[in-house]
Amino acid sequence: MIKKSLLCTALSVTAFSGWAQDTRPDTLVVTANRFQQPRSAVLAPITVVTRQDIDRWQSTSVNDVLRRLPGVDIAQYGGMGQNSSISIRGTNASHVLVLIDGVRLNLAGVSGAADLSQFPVSLVQRIEYIRGPRSAVYGSDAIGGVVNIITTREKPGTELTAGVGSNGYQNYDVSTQQQLGENTRVTLMGDYAYTKGFDVVAYGSTGSQAQPDKDGFLSKTLYGALEHNFSDTWSGFVRGYGYDNRTNYDSYYSPGSPLLDTRKLYSQSWDAGLRFNGELIQSQLVSSYSHSKDYNYDPDYGRYDSSATLDEMKQYNVQWSNSIVVGHGNVGAGVDWQKQTTEPGTGYVTDGYDQRNTGLYLTGLQQLGDFTFEGAARSDDNSEFGRHGTWQTSAGWEFIEGYRFIASYGTSYKAPNLGQLHGYYGNSNLDPEQSKQWEGAFEGLTAGVNWRVSGYRNDIDDMIDYDPHTEKYFNEGKVRIKGVEATANFDTGPLAHTLSYDMVDSRNAITDKPLARRSKQQVKYQLDWQVYDFDWGLTYHYLGTRYDTDYVTYQPVKMGGVSLWDLAVSYPITSQLTVRGKIANRFDKDYETVYGYATAGREYTLSGSYTF
């Protein structure tokens with residue numbers, strides 16, 4: 001394990017003194033610059049979600065976790081397991097880089113966007129979520145932000161969990177972490193989740209035949225990890241996980257042809273790494289392999305019938321990252337190598353293709369008096385597009401003790417994926433998307449309130465979109481995004497408050513039309529308190545107006561705003577047994593995040609966990 005105390009001492013001078021007045025310990029994060037540092041030293045806005053948060057919210061999906069976070073806007077084609085997209089600060093879903101333990105999530109299919117409706121929430125032990133450009137650190141895709149899902153469990157022992165809920169929801173989970181001798185730790189986990197679901201199509205067209213069925217979801221997950229400390233400075237790990245998902249959905253139907261209304265996703269990932277953690281130097285070498293097979297088929301014909309579709313992707317990664325404490329800060333450097341291969345038929349590609357990318361990056365953080373400076377530069381060599389460079393820089397000025405002003409600028413890009421280039425809907429003439437972003441922010445600690453207010457602008461050239469008329473991907477030109485984000489957290493006696501407000505104006509800079517499925521405004525509020533050992537949580541989410549397209553008439557539609565309330569409670573019956581209950585969408589609001597696709601309405605869940 002990293003010598004956290006030594007690293008904190010070396011970097012503590014960069015930590016913002018206003019946060020030091022808070023009684024809560026400063027969390028260490030790794031996602032911002034690829035080296036471990038106190039969260040308060042990071043100039044970009046970053047949010048950390050722990051497993052304790054997820055259990056307290058009683059979230060049954062990763063999307064339910066992420067929707068609570070600042071800047072996140074989720075559009076989903078129905079309920080649990082249905083296709084979804086994540087927008088951060090008004091950008092496309094393909095502009096969100098999703099990492100699993102620091103490694104890019106393998107994405108099968110044409111869109112190039114991470115669909116986290118399929119990723120098991122049972123695997124999530126921690127999330128580090130950073131907003132703003134990060135291509136200078138991670139390469140392609142990191143235009144809107146980075147979501148790093150960490151699966152490493154820090155809690156020893158064994159836990160058994162079972163839950164039931166509305167729409168036939170069931171969940172059974174067992175996990176254990178055991179010490180094998182003084183220097184070896186093993187972790188195992190298995191999870192089963194199922195829901196009968198509901199009919200996801202609210203209105204619109206599914207062809208010549210209605211499909212008034214329930215669209216359910218089934219997921220089975222296995223996870224294993226082995227960690228070993230060879231000495232005080234050297235350690236290694238081997239880790240693997242896989243999940244097998246089945247999703248039923250409503251699809252377009254015409255008489256005499258198969259109805260492709262079932263999705264079957266197989267995914268497996270393996271990685272191994274070696275770490276060196278000295279007093280001033282850290283180094284890590286990680287290699288990984290992932291393989292996903294995504295079928296869409298008619299159950300009457302089977303997934304191997306000629307009518308079925310298959311998206312199959314293999315991904316190979318090697319990462320070597322290094323950092324050294326220098327002066328009042330840190331310098332990091334490393335290299336990434338990635339190879340992605342598609343099998344014939346993937347994304348309607350008739351032949352198999354592969355794409356290779358090698359990236360070199362340099363990062364740095366330094367404090368000079370009341371000023372903190374952060375920078376990064378990266379060069380990517382892509383087999384499809386050649387060499388591409390990105391950079392970013394930030395500066396923070398603590399002009400009064402406890403109050404800081406931050407200014408930042410960064411460039412980023414998104415390369416088209418293999419399906420967008422070579423698939424049936426592809427366009428081999430696509431150019432990479434280019435982004436330039438500016439942000440200014442004030443933050444501080446006032447009367448016990450930790451707050452941050454920021455304004456940002458993001459200009460994206462050659463943004464890739466899909467044209468339903470031509471059935472092709474194309475570069476639609478220039479997109480302009482402007483926004484304001486405000487966050488705060490504070491305690492009033494036994495009550496803990498977390499609040500965020502987002503106002504985003506994202507539109508095509510040429511036509512001045514707003515981009516689809518982005519809320520103009522969002523308000524998110526979390527209230528937590530404890531009374532007689534009962535832990536209560538109240539969640540409020542205002543989802544503002546947004547625009548979409550009616551794909552029957554191809555006319556734009558405006559969807560009104562909605563206020564959603566959740567209530568959760570847990571009670572420890574003993575020191576080992578805890579029961580939990582939740583009401584989601586307490587007032588049973590009828591709303592949509594994708595036009596024509598219903599949401600679940602009011603739902604109840606009840607669960608219990610036993611630890612030993």
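Cβ coordinates come from backbone N, Cα and C, glycine included.
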Statement: Swiss-Prot feature transmembrane segment, matched against 23-35, 62-74, 517-529, maps to 517-529
Query: Swiss-Prot records D213, D215, Y249, D250 as Ca(2+) 2-binding residues. Which of D232, D261 is assigned to the same site?
result: D261
- request: Among 37-53, 122-138, 309-325, indicate the range for which Swiss-Prot gives the feature transmembrane segment.
  value: 309-325
Task: Write down the one residue from D191, D199 that Swiss-Prot lists together with Q211, D213, D215, D250 as binding Ca(2+) 1.
output: D199
Task: Out of 361-378, 487-504, 595-612, let me know the one Swiss-Prot marks motif 'TonB C-terminal box'.
output: 595-612
Field: Per Swiss-Prot, the range holding transmembrane segment, considering 98-112, 263-277
entry: 263-277
- prompt: Of 139-148, 449-458, which span is tagged transmembrane segment by Swiss-Prot?
  reply: 449-458
Query: Near the transmembrane segment (434-443), which same-chain residues lie under 8 Å Cβ to Cβ, leaving out any that are not at least 6 residues past its ends?
result: 16, 18, 45, 95, 132-133, 135, 143, 403-414, 450-462
Field: Segment-level pLDDT (mean, integer) for the domain 'TBDR plug' (38-152)
entry: 93
Field: Alpha-carbon spacing, D199 (Ca(2+) 1 binding site) to Y249 (Ca(2+) 2 binding site), which is rounded to whole Å
entry: 8
- prompt: Of all the binding-site residues given, D215, D250, which residue's CB has the most CB neighbours within 10 A?
  reply: D215
Task: May I ask for the distance between Q211 (Ca(2+) 1 binding site) and Y551 (cyanocob(III)alamin binding site), taken between their Cα atoms and rounded to an integer number of Å?
output: 17
Message: Using CB atoms and a 10 A radius, I'd like the single residue among the binding-site residues Y249, Y551 with the highest neighbour count.
response: Y249
Query: By Cβ distance under 8 Å, which residues at least 6 away from the ends of the transmembrane segment (279-296) in the same chain are close to it?
result: 2-3, 6-7, 10, 35-36, 102-103, 106, 108-109, 260, 262-273, 303, 308-325
